[in-house]
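In what follows, a structure is listed as structure tokens, so that the remarks can point back to it.
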Protein chains: 2
Amino acid sequence: MPLDEFEFSVLKTIQTHHLIFPGHKVLVALSGGMDSMSLLNILLKLRQKLNCEIFAAHLNHMIRENAIRDEQFVYSYCKKAGVKIFVERFDVPKFCADRKIGIEEGARAARYTFLNRIAHENGIDLIALAHNLNDLVETILYRIVRGTGLSGIVCMKLKDENKIRPLLYFKREQIEAYIKRNNIPYVQDETNFNLKYSRNYIRHRIVPALKLLNSDLENAFSQVHFSGMMLENHVKRLIKKYSERIFRCGKRIIFDSKDMDEFEIIELVKYCAGQMNVDLNYRQIQLVVSKLNENSWSIDLSEDIAIKKGFDFFSIEKKCKFMNILKVGKPGVYKFNDWTFELSSEVKSNEYVFIHDQGGVCIRKRKAGEKIAGVKMKDMMIDSKIPAFLRDEMPVVCTIDRIIWVPYVYVDRCFKERKEDSLVLNLLQNPYSCILELRKDERRKMV
Amino acid sequence: MPLDEFEFSVLKTIQTHHLIFPGHKVLVALSGGMDSMSLLNILLKLRQKLNCEIFAAHLNHMIRENAIRDEQFVYSYCKKAGVKIFVERFDVPKFCADRKIGIEEGARAARYTFLNRIAHENGIDLIALAHNLNDLVETILYRIVRGTGLSGIVCMKLKDENKIRPLLYFKREQIEAYIKRNNIPYVQDETNFNLKYSRNYIRHRIVPALKLLNSDLENAFSQVHFSGMMLENHVKRLIKKYSERIFRCGKRIIFDSKDMDEFEIIELVKYCAGQMNVDLNYRQIQLVVSKLNENSWSIDLSEDIAIKKGFDFFSIEKKCKFMNILKVGKPGVYKFNDWTFELSSEVKSNEYVFIHDQGGVCIRKRKAGEKIAGVKMKDMMIDSKIPAFLRDEMPVVCTIDRIIWVPYVYVDRCFKERKEDSLVLNLLQNPYSCILELRKDERRKMV
């Protein structure tokens, strides 16, 4: 049978955007509603041309009474059509009650877990979802209105890892007309439970009201979506480009923002916070932006994650306690915060001092207002380009009566010369060397 | 009198965003409505603290009957308050009829012309506009719904050249409360004539409906606006960064897109087209994006502007006729399209050939399918990295029976040696040298 106009348009979309490649196995998420039934029928009609294999999967969420009716409907439809279908039941209400999450959120999670598992177990490449342009408009509207800033705009994508949405740029009315034209049976959809009120409200009240201003509202929103997609790709590329400026050191992710603009810095902050499973909210972003020109600050992002700035460095870090003092006595390895030292008889590193006094030394944090030879330790640290967020963790190596070494900041020359019986305190590992080496040329020369 | 809370918040906004500097003269655009009357009163109260001078300006648009009442109201109010006010009348209906433009568009243009002129004539630094957060929400909604993509989001700014909007982040209800609290008189606003229906529709129908989804709709939209502002600054910085890749050659603006992403290319295309007074619409942007991976193409942007791609170069150009053939006889200067040659007795350029035949030569465009020594001219041009959009303008220098020179592509060695009586054809100027030199290393060596 030749393709009708709608099927042909879907084929064009699949080809232009490279959604399906020859040999692909495609799993249609089949609720039994109009959209997914259309998608299944269209893909079945295109499968020869696309040279792909079509499967279906249906999860009975066990929420609504007629869920069994839907399950039986899609099962027998696929049997008749000769399509292999995977059907499972999952007690979503129980799952959500156990986890204290909303029914929509739980259903969504269960569905995607199910689809991904079926795909994985059966060597299936792609999961085809039946979202249409109206879903897209409604979702963008919902997200903008609820307050997600620009990031809310990129909510559904034609292709998103193993998920494809071949109907995303088609209107609901086109799909309905296709269903009618071809006498395709369907059931009422079972999705969007909790969101139902908002969704239906947007669909039946807001969208028609907006259409009085622009009857082609869908087109207006696909513009926004299209710009949003390009922007998202740009941000991905930006982060890739700047990846060599991102350092993972212990409990921190630090990046060097030198010469970046506001937009770039905020995207990097969001990316690094994301790596720590934190989403910044709008107030936090505004706060960070308002402080971009200030030198040293700290903002809590969550109970245990903070963002700190020092010079051009931003550190997104887990809060934790620092060590205050560590006694160094016998030869051996010593850990002070993230710094590793070894006291031994040999020089084993580029960074070391000789310990003449068998009375031993200690490694401690700096003290408030502390001075070395009349110069404030704080000023020495500033001159040495130690970011503020590192200063309280820096190891200060002392004998009983004097500071002999603060790596990258100060060293007492007397302790750079070997004496008889001297031991060597080697700095073996320092997770911040990447940061501290970076600005070496800018450091004021120490006397 | 001490500042009240609202006045203090406005002061903070002015200070945080550096809207007004000491010594500035500020002109309040005073319609007489609630917003502008508030703004005037607040600025008068802050003028000592800000150390600035306040003026007012009112344009009677001569549209509504009570325009005269408004004019008299603001005039006498300012007289009483001791504020210098500039009042003028302008026949907007006639102006719009003459120009066949909408009344809102015409009123807006007339108003801004008036305000800028008054500012210029009186050495005034800033024009203060009274737009509020609700205006912002309504404008963003209107623009997204009407279809402007992301660029619609950045519609009003706190500071935009000489315009400032100190009330932009305050809600209408805050302004109303301020007016009431202080018994400030006002008239009904005279703006938004044609837009009135849409404006009022959004204000009274759409916004209240959306507020059922999120009562703090203003905050949600200020997030979008905030992200949009950062993005706009990022784009400005991007264009500045890439400015050395943008070349103005004759009727063309060409940029080198090597290693740019889609987003960056589209922003540069929009920028360059903007320099030629063309705004790309959504369809055109989509078309350009869909062809980014193709090598050579041309798309009309308007009646007389086209965008063309050749290799990594994009050319935004005025359409015009090319010269087909030019006879070169006596010594002198010859112009062929944008290329300048001189026939003389001396070598005056790095690029030249000797003309031995007094019968003269001609410069012409290439012919379809033309070959030189068995090799297609087209292939030679491709190998020489001549972008497709330049190929039909390239000068082909011929004697009566052969091609002797195609700059950057081919030269017949016989004509590189001087003979007795030879004249020299020098290439004096070539507007595309910047482009053609750029890829010199990539050009395949010609025999």
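Backbone N, Cα and C define each Cβ position, glycine as well.
Owing to the predicted nature of the structure, the values given are computational and were not obtained by experimental measurement.
Quick look at what Swiss-Prot lists:
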BINDING   B:Ser31, B:Gly32, B:Gly33, B:Met34, B:Asp35, B:Ser36  ATP binding site
### Message
Under 8 Å between C-beta atoms and at least six apart in sequence, can you list the same-chain neighbours of B:Ser36 (ATP binding site), or say none if there are none?
### Response
B:Val28, B:Ala29, B:Leu30, B:Ala130
## Note on the structure
What DSSP gives for B:Ser31 (ATP binding site), in three states, is coil
### Task
Could you check the binding-site residues B:Gly32, B:Gly33 and say which one's CB has the most other CB atoms within 10 Å?
B:Gly32
### Summary
Around the Cβ of B:Ser31 (ATP binding site), other Cβ atoms within 10 Å, all chains included, total 22
